[in-house]
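Peer 1: Mind having a look at this structure? Questions to follow.
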Amino acid sequence: MLTVQELKALPKVELHCHLDGSLSLKAIRKLAQMAAVELPASDQALRELVSVPDDIEDLLDYLKRFDVILPLLQTAEALELAAYDVIEQCAAENVRYIEVRFAPDFSTEKGLSVSEAIAAVIKGLHQAQADFGVESGLLVCAMRQYSNQRSQMMFKAAQPFLGQGLVGGDFAGDEADFPTEVIEPAIKTAQQLGIPMTLHAGESHCAHNVMAALALGIRRFGHGVALGGHVDFQKQVSEADGVLEMCLTSNLQTKAVKNLASYPVAELLANQVKITINTDNRTVSNTNLTKEYDLWQRHFGITKSQFLEVNLNAINAAFCSATIRQQVIQDLQKGYAEN
Ligand SMILES: O=c1[nH]cnc2c1ncn2[C@@H]1O[C@H](CO)[C@@H](O)[C@H]1O
Ligand SMILES: [Zn+2]
């Protein structure tokens with residue numbers, strides 16, 4: 001087994017990380033100061049406020065934790081600082097490329113436009129790239145519980161940022177009550193606008209949401225853990241070269257799986273489904289990528305050469321440019337040979 005230090009040093013690629021769920025306590029304090037919001041004085045109390053305990057009920061319960069952070073992300077300055085903060089954390093665990101996602105519609109409460117919100121996050125990502133050398137791309141999340149019209153407006157406002165830092169789109173939020181069929185019109189609009197799409201699907205015991213997304217031409221699935229036990233579906237995903245953005249700690253917390261033993265890693269690997277390892281929300285889930293890798297090696301016996309494969313799956317499925325892809329593949333191969 002690799003030590004935590006060795007895991008931390010390995011170059012990594014992450015495809016599934018929410019900006020609003022991944023802020024350091026230091027950044028949260030700074031943002032609260034900027035928004036004139038009072039926070040608990042002790043870091044322990046603050047962590048309890050912004051992270052989930054183990055005994056939450058489900059995804060909707062999990063999503064309530066974002067209510068503390070979102071009021072702090074209502075200005076361009078705040079969003080820029082937040083994006084910079086997430087990349088700073090990624091640099092500390094040698095992430096070479098990351099796709100960071102957020103919902104612009106959640107940052108318009110105080111009059112910021114969707115375009116201004118996106119521009120601010122991209123500015124923070126670019127500044128951090130210059131300072132820390134971590135390549136990144138932005139994904140905009142539409143929310144499943146919003147109307148198709150609202151999501152379509154968001155994607156239209158986002159589209160001009162493609163090639164300027166924006167690399168794709170997503171749907172997050174309440175998957176159980178708003179299945180893929182309901183959001184299909186907005187997905188199609190995004191695709192017509194040329195926005196590469198990933199989708200939270202198969203997170204809330206709804207394997208069919210993955211299949212519905214696959215039928216729409218989508219090849220990246222946030223979580224996809226509900227495919228466990230559905231061998232036919234797994235084979236279809238594998239044949240279509242689909243990739244799962246798996247987030248173990250988050251899935252245990254939201255009860256997407258009952259326990260570690262029922263996490264379908266062996267099954268997915270046996271059926272050649274490509275998987276990637278991600279945090280989902282560093283702060284809300286109280287994790288980081290190194291911790292996730294450690295869980296994967298401890299509980300599923302994933303080896304160093306499999307970690308390389310997982311990272312190659314990620315960079316090959318990433319919505320980055322060919323130049324970045326080549327550079328990151330080189331970094332991965334060099335890093336795994338050396339470490
Ligand atoms: O695991 C998840 N499943 C579904 N939605 C999520 C998850 N994590 C975060 N969000 C939602 O995505 C928004 C934009 O980042 C967050 O505000 C949260 O509501
Ligand atoms: Zn997510």
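For all residues, glycine too, the Cβ spot is worked out from N, Cα and C.
Pasting the relevant annotations from TrEMBL:
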- 11-333: domain 'Adenosine deaminase' (DOMAIN)
- His16, His18, His200, Asp280: Zn(2+) binding site (BINDING)
- His18, Asp20, Gly173: substrate binding site (BINDING)
- Glu203: active site, proton donor (ACT_SITE)
- His223: site 'Important for catalytic activity' (SITE)
Peer 1: Taking Cα-Cα distance, which of the binding-site residues His16, His18, His200 are within 10 Å of Gly173 (substrate binding site)?
Peer 2: His200
Peer 1: Around the residue listed as 'active site, proton donor', which of the listed recorded positions (His16, His18, Asp20, His223, Asp280) come within 10 Å, judging by Cα atoms?
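Peer 2: Within 10 Å of the residue listed as 'active site, proton donor': His223.
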Peer 1: Between C-alpha atoms, which of these recorded positions comes nearest to Asp20 (substrate binding site): His200, His223, Asp280?
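Peer 2: Result: the closest of the recorded positions to Asp20 (substrate binding site) is Asp280.
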Peer 1: Average the per-residue pLDDT over the domain 'Adenosine deaminase' (11-333) and send me the rounded value.
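Peer 2: Per the prediction, mean pLDDT sits at 98 for the domain 'Adenosine deaminase' (11-333).
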Peer 1: Could you round the CA separation between His223 (site 'Important for catalytic activity') and His18 (Zn(2+) binding site) to a whole angstrom and send it over?
Peer 2: 13
Peer 1: Taking a cut-off of under 6 Å between Cβ and any atom of ligand 2, tell me which of the recorded positions Asp20, Gly173, His223 pass.
Peer 2: none
Peer 1: Could you list, ordered by sequence, which of these binding-site residues: His16, His18, Asp20, Gly173, His200, Asp280, have a Cβ under 6 Å from ligand 1?
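Peer 2: Close enough to ligand 1 are His18, Asp20, Gly173, His200, Asp280.
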Peer 1: Hey, what's the Cβ neighbour count for Gly173 (substrate binding site) at 10 Å?
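Peer 2: The answer is 19.
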Peer 1: If you count other C-beta atoms within 10 angstroms, which of the recorded positions Asp20, Glu203, Asp280 is the most crowded?
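Peer 2: Neighbour-count leader: Asp280.
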Peer 1: DSSP three-state call for the residue listed as 'active site, proton donor': helix, strand or coil?
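Peer 2: In three-state terms, the residue listed as 'active site, proton donor' counts as coil.
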